[in-house]
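Peer 1: Mind looking over this structure? Questions follow.
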Amino acid sequence: MNPTNPFSGQQPSAFSASSSNVGTLPSKPPFRFGQPSLFGQNSTLSGKSSGFSQVSSFPASSGVSHSSSVQTLGFTQTSSVGPFSGLEHTSTFVATSGPSSSSVLGNTGFSFKSPTSVGAFPSTSAFGQEAGEIVNSGFGKTEFSFKPLENAVFKPILGAESEPEKTQSQIASGFFTFSHPISSAPGGLAPFSFPQVTSSSATTSNFTFSKPVSSNNSLSAFTPALSNQNVEEEKRGPKSIFGSSNNSFSSFPVSSAVLGEPFQASKAGVRQGCEEAVSQVEPLPSLMKGLKRKEDQDRSPRRHGHEPAEDSDPLSRGDHPPDKRPVRLNRPRGGTLFGRTIQDVFKSNKEVGRLGNKEAKKETGFVESAESDHMAIPGGNQSVLAPSRIPGVNKEEETESREKKEDSLRGTPARQSNRSESTDSLGGLSPSEVTAIQCKNIPDYLNDRTILENHFGKIAKVQRIFTRRSKKLAVVHFFDHASAALARKKGKSLHKDMAIFWHRKKISPNKKPFSLKEKKPGDGEVSPSTEDAPFQHSPLGKAAGRTGASSLLNKSSPVKKPSLLKAHQFEGDSFDSASEGSEGLGPCVLSLSTLIGTVAETSKEKYRLLDQRDRIMRQARVKRTDLDKARTFVGTCLDMCPEKERYMRETRSQLSVFEVVPGTDQVDHAAAVKEYSRSSADQEEPLPHELRPLPVLSRTMDYLVTQIMDQKEGSLRDWYDFVWNRTRGIRKDITQQHLCDPLTVSLIEKCTRFHIHCAHFMCEEPMSSFDAKINNENMTKCLQSLKEMYQDLRNKGVFCASEAEFQGYNVLLSLNKGDILREVQQFHPAVRNSSEVKFAVQAFAALNSNNFVRFFKLVQSASYLNACLLHCYFSQIRKDALRALNFAYTVSTQRSTIFPLDGVVRMLLFRDCEEATDFLTCHGLTVSDGCVELNRSAFLEPEGLSKTRKSVFITRKLTVSVGEIVNGGPLPPVPRHTPVCSFNSQNKYIGESLAAELPVSTQRPGSDTVGGGRGEECGVEPDAPLSSLPQSLPAPAPSPVPLPPVLALTPSVAPSLFQLSVQPEPPPPEPVPMYSDEDLAQVVDELIQEALQRDCEEVGSAGAAYAAAALGVSNAAMEDLLTAATTGILRHIAAEEVSKERERREQERQRAEEERLKQERELVLSELSQGLAVELMERVMMEFVRETCSQELKNAVETDQRVRVARCCEDVCAHLVDLFLVEEIFQTAKETLQELQCFCKYLQRWREAVTARKKLRRQMRAFPAAPCCVDVSDRLRALAPSAECPIAEENLARGLLDLGHAGRLGISCTRLRRLRNKTAHQMKVQHFYQQLLSDVAWASLDLPSLVAEHLPGRQEHVFWKLVLVLPDVEEQSPESCGRILANWLKVKFMGDEGSVDDTSSDAGGIQTLSLFNSLSSKGDQMISVNVCIKVAHGALSDGAIDAVETQKDLLGASGLMLLLPPKMKSEDMAEEDVYWLSALLQLKQLLQAKPFQPALPLVVLVPSPGGDAVEKEVEDGLMLQDLVSAKLISDYTVTEIPDTINDLQGSTKVLQAVQWLVSHCPHSLDLCCQTLIQYVEDGIGHEFSGRFFHDRRERRLGGLASQEPGAIIELFNSVLQFLASVVSSEQLCDLSWPVTEFAEAGGSRLLPHLHWNAPEHLAWLKQAVLGFQLPQMDLPPLGAPWLPVCSMVVQYASQIPSSRQTQPVLQSQVENLLHRTYCRWKSKSPSPVHGAGPSVMEIPWDDLIALCINHKLRDWTPPRLPVTSEALSEDGQICVYFFKNDLKKYDVPLSWEQARLQTQKELQLREGRLAIKPFHPSANNFPIPLLHMHRNWKRSTECAQEGRIPSTEDLMRGASAEELLAQCLSSSLLLEKEENKRFEDQLQQWLSEDSGAFTDLTSLPLYLPQTLVSLSHTIEPVMKTSVTTSPQSDMMREQLQLSEATGTCLGERLKHLERLIRSSREEEVASELHLSALLDMVDI
């Protein structure tokens, strides 16, 4: 098999499949016109194109050969192709089954060295096993050597073809091939040798044949020799193959006999073979292979009833058997077919010779005109092959179209010539046989098959319809002539402009027409119409006259275009790839070099040129058949889309909206991205410049991520199709180049993320926009590729950072697969243990166990992409969950249960109730009134899973852009790249990217010259013919557009094609033409149209002359007007130029500044890069050190392990020896002990026997045989006569009894009594001790004292709330340890006086255990302690959690105490996990139910007998460290308590735990409480009043007008906005305060109400505070009249009051203020004008704003009632709570700063000073510009005494530099003296008077320190001070008053004096700093 063959399933035989549909007239073309043509069908050729309209492609079973569209070909001595062009077919006799030579067209240069016996034929037919192989022959430079034969006379028939309509894929009627592949040359073609014969005839050719000679087992091919022809015939490119306009070669079938046989055949045999070859054709079975995805496949003529012809199955003859047997052998085996073909050629040449002479003479008149439309070949010959005719094309159509082209070239009246030529060529076709009509001028909206079929179907039965919208025409075929005539008569009613003509298939008079069944019903058109060739022309004909070398693309070029059929790739026996490459390099380099400089103006021309370049390069490529030498493709494309594809898709209008220039349909080369092309069997191997390397792929993906991913404003369908298609293209390039590295992995990962995102984002889109199944398939392919790449990289030692993420995605995508866990176990340990894979495994467990609660919780906690994958299972899990709920909540099938719909929405994570209702209804359940009726019998399972909707919970997770999601992180920078262009600014091809792609040639092609009869006229004689291209090159890729011939002809091409050997015979007489009435009517119509056109041209010429005369008269008037207007325009232009010059200078300055900034930036970047380099070096060093350390550690561990193993071995051996010894010793001791025990046992038995005998003997001796009959008191004496009687008391006390002779007996009666009494006493003591101990152990804790003692800090009121978290002990027995501990812990925190009955909470929620409210002392301070204890049993239900959040049970909690249940010893890990998970669930429920801030401390009580690892086990089981890191708890401690309550150890532990909780409780909140009115007033007074009144006083004392009202109002509103933001801060919402149990409605200073920080309440407070704002007011114009200004002021004041009742109050105040202003102004103006009044600057705007503010504060009412009723206190006030520190963050608005700065500037100008100490008021002081008042007072006094003093500016205006310097020094000295004097006076006053803070007001500094601001009564005298009064008298009076009121000691005076001095210094420093800051601001 051939590894490079795209059809690897084919054997290397010539034509191994019978399904290849190749013939003259295949009845069903397998593709629509404009699509890629499968080889073997007629490729449609546009009449406007000079190249191919399709590139034929064929399936794997096809055995056809490909023909390349190269125009220049030089055959080496091994070439065995004979160049022939037939009338209807171009067939080549190929004698080899190896890879057939790609037929090329160009200068006719051949070099045949080896002699061979070849017959020359006018028709070049290819021999093959079947009619499935074509090798189009191209003409090169011919040098033939023929041995003359006397009877071999051939006359080429070239006059019947019309070049614009001829296609380049011409199929011979007979095909033969020979099975045995030859190895005579790399091309595999047999050599030829022709004797060269020269003839002066231009129309006939004599050929001589010699017996063929076999060379290297190759059969000879037949190649004709043609004599040189004159220059005139050569230049008629569109008409002639060999230079004649009418001569054409027809193709004939050739017998499969051996070539060496004599050529004997009859005419009948030739004709029969021709007809058989034509008729035996069938369409290809695989029609649509290789078609583009977006191309329309419905317009194929195959859908319109084309009748298939029979298959052609010619015999195959050769020296060796065929490589593969043909599939069908149904053709009758005829004999001497080769001879019949020769005879038919003889006769055909004789018949058409005369017609060729006539046409040759006729075309001599317009040779010069035709040359302008031909290819411009510098010094070369233009007699090259014209495009071949497609089989089945009508000769009449060819002639008519050809004549139209000739007329256009002549520039003469062409229509008459066209008609004459058309009618002359009708031949034997009768008008009654025409069954088709042609409709012209059809509008686009009517030019549709459906509309036309409906229209003509009403008239007659339509067979088929072909449309061409670009030409506004359509061809309609009927079944008979009568139907066509009726349709032609009545069909014009469709549209008024439509014209209908007969559509006839014209047949050449020199050929017998084939029957309709034998003809292919389509011509070579690009459009769907197959029979409208005569009406189409080349689009490149216009550009041909403009371009020189670029005229290669001209349709009317005389170059014979090669066939569209591709040269099929065969595998020869053996050939050297190096020699092949060297031989094929010469013509490739020359061909590519000739393309340089070719002009291609349009995108279509550029595409054709680039396509021709690619085809040449494909032919020059070395085809490797050895797998060992196979190499991986390496892409070299630098653009996101290859250049050829950009032009191709622009030509075909296949551009996306993201790739075009906005507003046009032109391609945006910078935005075009390579389109995905589906792989097919007929595709060529890609060239390097068609593949993008990895950096370009990465840049392409970056472009898609940054520029496309987030552009979803338009159609989602276009967006998804574009991104999906382009990412598939990236993946295909990766696959073709076999890329595998981390960057490649990242590209595939981004593709995967895109598909995961679309799986959820596009799930609601219709099937036409998004197919989830296809998306999942692509996602699966991406994940599979990633899996393989991860494995390959891991084998190389490379680990990918995102492997765990995508392995997790793979698991999530396969949750329904049963063996997914087995695949997970095969992951790398690091991947398997990652959080992503663990999450996927958890999802698998939840889905397969139908744990829908767990599943949806995982969805809520998952990342966005994980959630998108889990979204695919929503329908499945919801269906299973609904089934489980329906079964669980219903008793039987007869009874239904009502279930709340909200619960379903919450549990199954629906978007809303509507979506849940739809889902439930789909499953047969009824929903009504917010509830669903669960019923087992009504439950239905719909077929399949319903289409899920987008989930809002997943959408919320998309917190970043889609690009960042797909990129997996922040977006990369936007890629910048300039696309590569192979054309310069003059649209000339420069070929920049070709050098790197051509193979290096080591062999120069041989040169051979041929003399010709036209060398003098056509140019320089050629020196070296172009060698043949390698014939084993891969077939070109299918292309649905015409492929332009791009190889330019070189000057070295021979001027002639063939040299005719004998003078031709005279041509036969022309046939008599036949005309019909319809033809005459058509001619008349055309004559009328031509006459009308000439008349219109005359009228237009007269009108143009008149217009020219009128323009001449108007020019004089125009000159006068221009002269008058020029002066004004010049002035305006001069002014504009001046302004532009200024702007230019400003821009230069800005550029200089930008350059400076750029340099600084570069410096910073260099420093940063150095820093990064150092950091990177350190990081690398750290990594190497870490690796070294890890290696050393590993070695040390291994060494230590070996040592340990050795030591363990020794220990084990010693231990075993010890065990053996112990066992032996034990056995010995055991035996000895057994013996001793045996001895002792028998000895003891002996002793017992002896004792028993003694006792029996004593009893028998002492005890009577019967009881004695004596009194009880005498029985002792009777029994023991010798005993003591009575018993002595002393002996009895001693416990002795004297029995006389029997001895003394000791008794213990009293001792037993004493022992019993003692024991009973001790038992009583122990009982009471245990009872007391139990009472103490069960006693309640003194919580108030504990809290007061251990609470950090000092507080007067303490609120402490503890939550006990107890296990669920309801199901345990009363005697169980866990229940006892829970009850005991509740008793410890209950207390007698503090216990309460919590009836508000049910048993499943949180209960209030106790409340304490008492006074406790801490040191000498009494503290009010309020303690609340809450208790929670077990895990809370959802309803209980909702109740907790609603009732705010956990609000204000200060600590948590968790009691774990006693742990049962068990080895089952599942039970242990359940134990810890239940405790963790209970704890997390409470932590999540409480407010987020603050985090609480946690105490964990563990009942255990004791252990070392208890604390570690608790930390791991409850994940306490994670809770701390998540800020759910602040700290924790684990306390072990005994599991039984029998001592005080448990109480001590609990006491310590409470102390720890109190000491670690959250700090109390620093909240301030004020009423709303008080808060607003204090805030305004603190931030607004000081600034406002100071500014007002400063301006008044400085004699300035009032401040602008806009700045004052903006300052006031800014303060209110600040106050509103403080009181409604978002951080208040998360505070867990107050304690719910102690809070009161309306709130208090200690505790706010429960809803104080609710978002609704805070929003209401913000709105209420903002309700104090004033509306904006702009200052009226300075010259505004008084009355309108007053009206405006009154109207503004009317907006302030909140009610109509208070509006008159403010209105009267405003009117009073205006009246006083008017009176003051009137007093200054003795005789005011009527209606006049104060100016705008004289109106006291500050007083007006002050009145409005005061009224607003007094008259304010809330906009509406508070949201909650608890916000109102008992007295109707609303308390607000805020942080005190937040009030210190106010920033003064910029407008007020500017207003203050303007005030300072105005004061400076007014006082005539250059600089004064500026004022910068702080936030909480009221500085007053008294220094200014003092200076103004002094200046006013001096001016009153001395008159006006000139200002400083007046004095310095005319001074010199020395005078200015002296003036500056003098002024500086005066300032210093004045400052010194002021300080001395102030100090003297401080020392002399005891005024302290009540010193001289005029001497106060401008900048008051903080220490003096508190003396607010210093403002009062200033408020009353008038400018006209004496400051000294006021000062003395105030000082006396203060002196009388102050009676302080001397020490206090000194301290106060020191404080004043310090404050003065601070004020000076602050003043200087502020002044410098203001000066800097001014400079900026």
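Residue numbering: from 1, along the chain as shown.
Glycine is treated like the rest: Cβ placed from N, Cα and C.
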Peer 1: Which candidate in Ser557, Ser1373, Ser1725 appears in Swiss-Prot with the annotation phosphoserine?
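Peer 2: The candidate carrying the phosphoserine note in Swiss-Prot is Ser557.
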Peer 1: To which residue among Ser114, Ser538, Ser1727 does Swiss-Prot attach the annotation phosphoserine?
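Peer 2: Record lookup, Swiss-Prot, feature phosphoserine, residue Ser538.
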Peer 1: Choose the correct range: of 69-106, 981-1018, 1133-1170, which one does Swiss-Prot annotate as coiled coil? Give that range.
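Peer 2: It is 1133-1170 that Swiss-Prot annotates as coiled coil.
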Peer 1: Check the candidates Ser430, Ser1039, Ser1926 against Swiss-Prot and report the one noted as phosphoserine.
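Peer 2: Comparing Ser430, Ser1039, Ser1926 with the record, Swiss-Prot tags Ser430 as phosphoserine.
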Peer 1: Per DSSP, what is the residue tally for the region 'Interaction with ENY2' (1162-1200) in helix, strand and coil?
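Peer 2: The breakdown for the region 'Interaction with ENY2' (1162-1200) reads 39 helix, 0 strand, 0 coil.
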Peer 1: Which residue counts does DSSP yield for the region 'Interaction with ENY2' (1207-1235) in the helix, strand and coil classes, in that order?
Peer 2: 29 helix, 0 strand, 0 coil
Peer 1: By DSSP, what is the split of the region 'Interaction with Centrin' (1236-1256) into helix, strand and coil residues?
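Peer 2: Per DSSP, the residues of the region 'Interaction with Centrin' (1236-1256) fall into 21 helix, 0 strand, 0 coil.
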Peer 1: Just to confirm my parser: what is the rounded mean pLDDT across the region 'Interaction with ENY2' (1162-1200)?
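Peer 2: A mean pLDDT of 93 is what the predicted model shows over the region 'Interaction with ENY2' (1162-1200).
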Peer 1: Write out how many residues of the region 'Acetyltransferase' (1658-1790) are helix, how many strand and how many coil, based on DSSP.
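Peer 2: The region 'Acetyltransferase' (1658-1790) comes out at 70 helix, 7 strand, 56 coil.
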